[in-house]
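The structure appears right after this line, and notes come after that.
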Amino acid sequence: MMSTASSPVSAAPGKAFPVAIIFALIAALAIALMPTPSGLTIAGQRILAILVFAVIVWLTEALDYAVSSVLIVALMALALGTAPVGAAGELLGTGKALGKALSGFSNTALALVAAALFLSVAMTATGLDRRIAYRTLNRVGTTAKGVLLGGIAVTIILSLMVPSATARVACVVPIMSGIIAAFGVDKRSLFAASLMIVVAQATSIWNMGIMTSAAQNMLTIGFLQKSIGETPSWADWLMAGAPYAAIMSAALFILVRRLMPPEKESIEGGKEAVRQALSDMGPMSSAEWRVLITIALLISFWVTEKELHDIDTTTVTIVGLAFLFLPRIGVMTWPQVQKQVPWGTIVVFGVGISLGTALLDTKAATWLADIVVRALHLETLGSFGIFAGLSLFLVLIHIGFASATSLTSALLPIMIAVLQRLGGDINVMGMTMLLGFVVSFGFILPINAPQNMVCLGTETFTSKQFTKIGLWLTGIGYILLLVFALTWWKFLGYI
């Protein structure tokens with residue numbers, strides 16, 4: 001989704017379904033019923049129990065993500081509703097607890113995700129996404145080197161316009177499949193494998209570069225707004241993330257060229273094939289122009305937020321969306337949106353915000369933060385050491401997650417609490433944004449991101465080939481994190 005958001009909302013239950021669910025429930029009950037530790041409220045203890053349940057279900061994919069979200073809402077309503085609050089020890093009540101469990105659906109970050117997903121429908125409905133992809137390929141040429149560069153360029157351009165990693169890949173994959181066929185190579189060739197791996201990995205890379213390109217980024221913004229009342233602007237995120245993503249893209253290109261050299265470097269008539277595809281689409285329609293102009297205006301408002309105006313990113317996006325729905329002027333209808341928007345992703349996102357907010361409100365995140373700070377002796381480290389340690393932790397734990405959104409829901413509130421607990425000269429907003437970049441490190445296994453799985457479904461590469469590139473990319477990416485922390489991000493005041 002925007003990326004549900006970088007995350008899929010489907011999961012194959014399989015034989016492990018009952019075992020995983022039972023284990024998750026037992027683990028949650030064990031935590032909820034144990035003596036309440038010093039410094040932790042009963043409500044906080046129960047939220048931690050639900051967090052453990054959620055993490056187990058997400059890691060095992062025992063339930064569809066949307067279904068697990070509904071279950072989490074039910075557990076939050078019951079667990080918090082029967083928990084004592086305040087000095088008098090009165091019960092919160094299930095009605096108020098349910099309101100807390102659904103509070104994420106009133107968060108502006110959720111509104112931005114939903115609006116952005118609707119915009120991607122407008123791109124698809126008019127065919128503007130395909131036209132952009134074909135025009136990009138037409139400019140870079142049809143050599144193996146040019147096509148790889150074109151694949152990266154397309155993902156960058158679409159990252160500005162299509163706020164869902166999965167949707168971007170779904171648009172690009174059919175086009176790249178046609179290029180593979182035009183080269184006349186087997187779909188299991190090194191050329192085909194390298195092209196699809198580049199599409200998947202570049203998509204994850206640019207989830208870090210552009211704030212509105214992935215749902216987990218919006219989740220990070222939502223948690224920052226809730227916890228400290230301060231968030232980076234679209235331009236702030238771009239200034240911090242785009243240079244890093246650009247260098248990572250170059251590293252990806254070099255890695256693929258070195259480790260997976262293509263069987264042939266050029267294709268006769270390839271450019272003509274791309275031009276024919278463009279010709280078949282005909283001239284740009286009025287609907288395409290309206291979408292393109294709307295998106296161009298949105299980007300201009302996003303970039304100039306806090307500089308030329310004070311209209312926030314969410315409001316600007318919703319205004320643009322409203323324009324595209326207007327009779328005669330608009331380009332899509334509500335029935336189209338109903339069919340094409342991944343509603344499960346929106347449910348997952350809303351519940352993720354609710355769970356993270358509950359961790360913050362019940363002080364469970366603060367309690368965990370104290371444990372983390374003491375156990376890792378973080379108070380003895382400077383900003384750079386703290387960032388290096390927390391980043392490495394996120395990189396490693398991502399191996400077990402198939403959803404960047406669920407990873408963000410589970411860990412970012414705790415990370416924010418850790419940074420607040422440390423205090424000092426730490427820029428909580430800035431470092432949280434940078435840790436939000438690391439959440440998109442789904443480079444190692446195909447299962448680590450839904451866009452990886454979409455590309456894997458083309459059967460052009462194996463998991464082993466993907467991991468071969470992914471391990472190198474992860475290592476280079478982590479080193480670059482440290483380099484940027486010592487240079488560019490330090491200059492910007494985030495470290």
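Using the three backbone atoms N, Cα and C, a Cβ is placed for every residue, glycine included.
Annotated in TrEMBL:
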TRANSMEM  12-34  transmembrane segment
TRANSMEM  40-59  transmembrane segment
TRANSMEM  66-89  transmembrane segment
TRANSMEM  109-128  transmembrane segment
TRANSMEM  140-161  transmembrane segment
TRANSMEM  192-214  transmembrane segment
TRANSMEM  287-304  transmembrane segment
TRANSMEM  316-334  transmembrane segment
TRANSMEM  341-360  transmembrane segment
TRANSMEM  386-419  transmembrane segment
TRANSMEM  426-449  transmembrane segment
TRANSMEM  469-489  transmembrane segment
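Contact check: the transmembrane segment (40-59) against the transmembrane segment (386-419) gives at least three Cβ pairs closer than 8 Å, residues 6 or more apart, which meets the contact criterion. In this chain, the transmembrane segment (469-489) lies close to the transmembrane segment (386-419): three or more C-beta pairs between them fall below 8 angstroms, excluding pairs fewer than 6 positions apart.
Tallying C-beta pairs under 8 angstroms between the transmembrane segment (287-304) and each of 66-89, 140-161, 426-449 places 140-161 first. Counting C-beta pairs under 8 angstroms (sequence separation of 6 or more), the transmembrane segment (192-214) reaches the transmembrane segment (426-449) with 3 or more such pairs. Taking pairs at least six residues apart, the transmembrane segment (66-89) and the transmembrane segment (386-419) share fewer than three Cβ pairs below 8 Å and do not count as touching.
Beyond its flanks by at least six residues, the transmembrane segment (341-360) meets 1-2, 4-5, 7, 9-10, 47-48, 50-51, 54, 64-66, 69-70, 72-73, 76, 80, 100-105, 107, 109-110, 113-114, 117-118, 121, 164, 166, 215, 218-219, 222-223, 226-227, 366, 403, 405-406, 408-410, 412-414, 416-417 of its own chain at Cβ-Cβ distances under 8 Å. Counted over residue pairs 6 or more apart, the CB atoms of the transmembrane segment (386-419) and the transmembrane segment (426-449) come under 8 Å in at least three pairs, which marks the two as touching. Away from its own ends, the transmembrane segment (316-334) comes close to residues 111-112, 115-116, 118-119, 121-122, 125-126, 212, 287, 290-291, 294-295, 297-298, 301-302, 305 of its chain (Cβ-Cβ under 8 Å, at least six residues beyond either end).
Sequence-distant contacts of the transmembrane segment (426-449) (same chain, six or more residues past either end, CB-CB distance under 8 Å): 6-7, 165, 200-201, 203-205, 207-208, 214, 216-217, 220, 223-224, 227-228, 230-232, 236-237, 240-241, 244, 383, 386-387, 390-391, 394-395, 398-399, 401-402, 404, 407-408, 412, 415-416, 419-420, 455-456, 463, 466-467, 469-471, 473-474, 477, 481, 485, 489, 492-495.
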